[in-house]
Structure formats: structure tokens, C-alpha cells
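As recorded in TrEMBL:
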type: COMPBIAS; residues: 14-31; note: compositional bias 'Basic and acidic residues'
type: COMPBIAS; residues: 39-65; note: compositional bias 'Polar residues'
type: DOMAIN; residues: 145-292; note: domain 'AAA+ ATPase'
type: DOMAIN; residues: 426-505; note: domain 'Cdc6 C-terminal'
type: REGION; residues: 1-105; note: region 'Disordered'
Amino acid sequence: MPAIAKRKPSTALDLDHPIANRPSETRDSTPQKRKLRSDSSPMKASPVSTPMKWTSPRRSANARPNTPPPIGIESDFGPKLPKSPVKNLSKSFMAKPNWNPRDGEQTRAVKEALHVSTAPSVVVCREDEQKRVLEFCKSRLEEDKAGSLYVCGCPGTGKSLSMEKVKKNLVDWALETGLEQPDVLTINCTSLANTCDIFSKMLGKDQPRKRSNRSTSALQLLQNLYSQSSGKKMTLVIADELDYLITKDRAVLHDLFMLTTLPFSRCVLIGIANAIDLADRFLPRLQSLNCKPTVITFRAYSKDQILKILQERLMALSYTVFQPQALELCARKVAAASGDMRKALCVCRSAIEMLEAEIRDSSNNLNSSVKKTFFEKQTDPHTDCIKKPEADVVRIDHMAVALSKTYKSPVVDTIQSLPQHQQIILCSAVKLFRGGKKDTTVGELNKSYTDFCKSALIPPIGFLELSSMCRVLNDQGLLKLGPAREEKFKRVTLKVDEADITFALQGIRFFRNCLQ
């Protein structure tokens, strides 16, 4: 019979200790220091569980593959943490494999998807504006009544693209409802040799072939046609680039909108232009006759909208072309400068060219390395010692170079180096010309400059000093001053793009807030 180990004298136990809560027979005996496996005998399980010995989740899973991992722990990837709230641009966008910029077919497809002339299948971020225009056109067709609409907004805000979508939806709606389909005529005013030719375009096949006084006859025929009852179908006229009519002949613009007010007119006119306040400045006669056109404004795209449009265009491709951070940088910079979507597409195409140039340089270096290795070491050129570079995506550094190439220019450097008051003069001119004005006077510019300074609590300079600074800006090619007897009546025009001024001064919070 095996010898029994001697017991140690019992000591006082802490009442909080787990042993103190055991049954009396268990408390009286103390476990042995070491017990051989051969001396073990069956024992009753203790009602109190012993503490679990924690081990590595990976070790536990590998040691016992059939045992499920602890709660909240994945056996293959370690602890399962909650999902990070990091902003994902698009899960499906991120899941695609990278493209191969050395593949000519893929490069062509990417550049085509990002080209300005490529119309996307879905026009996103302009749903509300499209709905308002479509509802207006539907109401005119249902009531069999003429009307006019003025669509305005900064360049590159999707005006013309949205009108094409509205035109298609209107024709489809007329087919579904059984209404007579309207004749749709789209006119780009910049293509007109003479502003009066727009009336000849509207007449179409009904125009009489007279060589003398042709444009006046066209207007008179339209006026006569819309002043008497006729069986002519409803006509939807979309006049794009309406600014051309403003600069050439304002009477043509008045006569064009007045056609929709004639008693039997069946013309629905949609004018598209960049001037936001055209209806207030150039159509006072229509306003007095209570026939002012309905105005719908397309605001500049925000950073999120530009990003969404870029993703929508790239979504049709089966591979990833850009790093998400690169697209976000492009959207942020373009939105801060102008919100022009066409500019964003141009920057993305330029970034692709940056990547192509990098690949060409690396390929040239690789070829020279192959030649050197072959001739000096006489190695087999078919070995895998030199591998072809892997396909890459457009990174954020490519996008930064493209943005710098697009916006950074000697003009930007000149604007950034100007004294503060000359920069304020340029900002005042930008705010004046945002309403569609092409030029102003030094007197009006001085008033805008003074208001600008008062809002910023900056003491303004006097008129003579401002006039002198305008001459300096004229010499630097930033402003253009026209001749006049009095200084305050000199005409002032901007000689640089508004986007250049905004981009040059966006790093200064004062100017950034004022130009928003």
C-alpha cells in the first residue's frame, strides 16, 4: 500500500478564499504537492470549477481542430474585432482586380469612360433638377400650352447632359400616356452664323426659301404661326449656350422668349446658359408682362457628388483603375476650385497619362538593365531573374501631379505672390462676374472691393490707389482695362480663368470663405 504524504498543519483560512466555501471533508485535506499518475484513483468531481487556463486562440484551434473557437474569436484570423467605421467608397468598386495599364484595349476603354463626350447611362446627382424640368414639360404637354424655362448654372454642372436625359424621358412618357409626341429641336447657339438664324432653325421645313431678309422673315412667320390657330404639333426647343445671344443681340433673346406668350403658341422653350441672373437682367419686358420664364439653377458639384459621378463612370469597367484616395483627392480639389465635372474628368485622364509615362520610364530602365546583365554576366535572358513589373493602379501621387499640371500655372504663382489688396481686387472681380457679367467699370469694381473689405474688417484703400493697382494688374495680364475719359468709367474684364484665382487663393481661409 503506497505511503500517504504527511499533512501540513492547518492554518486559518480567509473566508473570501474559494477553499473556505468547500465542503468540510474537502477543507480538512490539503492537496498533495505532487502526485504520480500510477497513484491516481477515481475521485468525485468537485462542484467548484477550477480556473480556466487561457491559451492562444491560434494554438487552441491548431491543437484541437474540431473544437469551436471561443465566442468572438475566429480560429484562422485571430480576434474578431468590430468593423471599423472607416468610410468605404464602394465595396463593389474595391473588390475588382487591378487593371493592366500595359494593355492597350483596357487603356482605351478607361479613357473612353472618362471622356467628356461619353454620356453615362445614368445621370446621377441631378435627379431633383431633372425631375423639375420633366414635370414642367409634362404639364405643358398635358395642358397643350406653351411655356418657357431657363436652366442656369456654372460650367460643367450637368445642364446639357440632364436636358438630353429629360428629352428622352419626355418622349417615352408621351408614348406611354398616348399623347402626341412633340417635335424636339436642340440648338447650340454657338453654331449659329447669325443670332437671328435661331428662328430659321425653329421653322425647319416650313421655312420659305427667300434669300432677301431671310432671318426677319423667319421671325415674322413664327409670330404669325403662333398668333393664329393651327394644327402644328407641340414643339420642344432646347437652346443651349444661350449666352451667345446675350453678347450679340439682346433683341433676339427678347423675341425668342416672347414667342411662347403668343395666343396660339405651341412652343415649349428651354434656354440653357451659365448666367445665373439672366432672367433678371435681360428679360425685364417679359417680367412686366407676367411671362418671366421659370428658373432652375444647377449648383456647382460638391466633393461627394464628384466622387460619386467618377465612381459611376468607372463602375462599368471590370477592373480597378484608381486608388480610392486618388479619386477622393481629385474630387476634393476640383470641388474647392470650381465644382466643374468636366475638369475632374480631365484631371483623371491626365493622371492616367502620368502612370503611362512612369511605366514607359521603368520599361526603358528595365531594358537597359537586361542588356547590361546579358552582355556583362552572359546570363540566359529567358530566366526569371528579371520579372516584368506588376500591373498598377493610378496612385495618389499620380493624381497630385495631374492636379498640379491642371491648376498650377505661372498665373497661379503670380496671383499667390500679389499683395493682399490686389488679391482682394481680383476676388471682388470674380464675385462680380459670377452673375454672368462679362465686364464692369472701375467704379463698380471699387464698390465691390469696398464691400469686400468691410465684410472682412479690413481698411480699404482709396479710389486713386485702387485705380493704380488695376493698372498694375492690367500690366501683369490679370485684368484688362478699357479706354475712357474718366477713370471710374473704364471697362474692366478678367483675363484669367476664375478657377485659377480660386485655386491660387484657396489655401487662405479668408479668401476661401469669401469665394464660396
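A Cβ is built for glycine as well, from the same backbone N, Cα and C atoms used for every other residue.
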What does DSSP give as the helix, strand and coil breakdown of the domain 'Cdc6 C-terminal' (426-505)? 46 helix, 9 strand, 25 coil
Looking at the domain 'AAA+ ATPase' (145-292) alone, can you tell me the average pLDDT? 83
Please count the residues of the domain 'AAA+ ATPase' (145-292) that DSSP assigns to helix (H, G, I), strand (E, B) and coil. 73 helix, 26 strand, 49 coil
